[in-house]
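Some features that TrEMBL has for this protein:
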type     : residues      : note
SIGNAL   : 1-24          : signal peptide
DOMAIN   : 40-267        : domain 'Lipid-binding serum glycoprotein N-terminal'
DISULFID : CYS169-CYS210 : disulfide bond
DOMAIN   : 281-488       : domain 'Lipid-binding serum glycoprotein C-terminal'
Amino acid sequence: MLWAGRMRLGTFRILLMLVHTAAACEFGPFPYRVTGIVCRMTKPAALLLNQETAQVIQTAFRNAKFPNITGERSMRLLGKVAYELTNIQVNGLSIEQSEVELKENDAIHIAIKNVTAFFKGTLTYGYAGAWFLKLFHSVDFEIESSIDLQINIKLMCQKDQVAADASDCYLTFHKLKLHLQGDKEPGWLKQLFTDFISFTLKLVLKSEVCNEINFLAQVLANYVHDLAANFVQDKDITVDISLASAPLIKANYIESHHKGLVLYKNYSDVFSDSVFSPSLLTDSRMLYFWLSEHNLNSLALAAFLDKRLVLTFRGEKLQALFETEDTEAQQKVVHMIFQGISYNDSVAKVWSLTHPQISVQPEGTVVKSLVAAEVSIFPAGEEPLMVLYMEKEITVTIQAAYAEKKLILHALDSSIDFKVFKCTADPSGNDLSIRNFLQTMISVAGIPEVISRIQLALTSLMNSKGLHLFEIKNPEIITRKGYVIVQLDFSFPNHLLLDFLEKRL
């Protein structure tokens, strides 16, 4: 049975190697040219996540399927002695220390020291004596062990996503004691079987535990990928986070480069002119995200095609837009536009006529769009009447921040250029008081209100993906010409990993 277990493990490793080879990714000579999104995790983040290693190791020991261990040996006077250890399982586990080191261009090295593990099971043994005396016994056993664990996790590209290979795994035993039927005192029987099985037992424990750790590493890598893919998807709008180049391991950080192409129904993005360079990011914060201007433009286009850039205002919201200040001149213009109809019997609609053009600059994100707005009233007993229609090209510079689990968008400056203007109160379009009032209303109340609506919608979307579960510390959103950098420190929500392990294993 032990031979069969070794064959099974060997076959698994061969198949795993073949899968990695068959699914290897090919990248062009200039992989950064198609990089739209970059994620960099620095060593402080790796050290923080290493605190969760104990949970993974405990799960690996708990879920390892230990084969039955069989053997036999000829003994003087006793004849041939055969034994079998069955139903081996972990009875207790504790981990004293775990350390992580990033080996440049090689692997993530994890050293776990002083793992105290107790195994239990059943020992069945029998022997034929020199005078044809046959004896067979079954006793419960407990194995007390002290182990150091060394794991080298390599990151690679498999099926266009980050995959983890933790097959480089070593167990070093400092102690391995066999106790029979709870007897802690040494005896000839315990000494006999300890000598027989200790070497084989070490091989079995190493094989099965390391096999399970490798499996868990791959499962967790897939989990992180699925989590990221879900975060950048909303209904029909998705972002392709396929790898643009192989994952990178440096002494101070781990980095992955993704295409970041936006996909929407029949629309597929194309991108081959990235300005990314590793020198654009530092390693002073725990986590970095680099986003290309092109990807932001593509997301804006997808939102436009999905008809998401439409807002309506009624009642108090409409009143807040048109009554920015309480003056006689304002009241006169408002009365002319609405013809004495209340805000509750009126509606304003604002939508984008073309997809917004986004330009990322050091001062902020510049958004330029051709926007239409119309106001309709509903006189009692009469047909609805459109009393105002205008098209305007709006350019606004926005700065973004994240605080108290909310996205904050702030408009620095804006410009408005009327392209079309129709108003029943001014058919000739010569009454400058109406146009001046509307321009002021749009600048002072309209643009901030639209940005506020977008801010709430994006915050709600990010929280629906679980962002609010993380403790994000001192986040910064930095804009440069052609790209955005998001840098932050964080605390890992422990329950997420526990919940995942419990559900998936």
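Just so it is clear, glycine is given a Cβ too, placed from its N, Cα and C backbone atoms.
Whatever TrEMBL says is automated annotation, not expert-curated.
These figures come from a predicted structure and were not determined experimentally.
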I want to check the contact list for CYS169 (disulfide bond): same chain, sequence separation of six or more, C-beta distance under 8 angstroms. What comes out?
LEU149, GLN150, ILE151, ASN152, LYS206, VAL209, CYS210, ILE213, ASN214
CB contacts for CYS210 (disulfide bond) [other CB atoms within 10 A, all chains]:
22
So what pLDDT does the domain 'Lipid-binding serum glycoprotein N-terminal' (40-267) average out to?
86
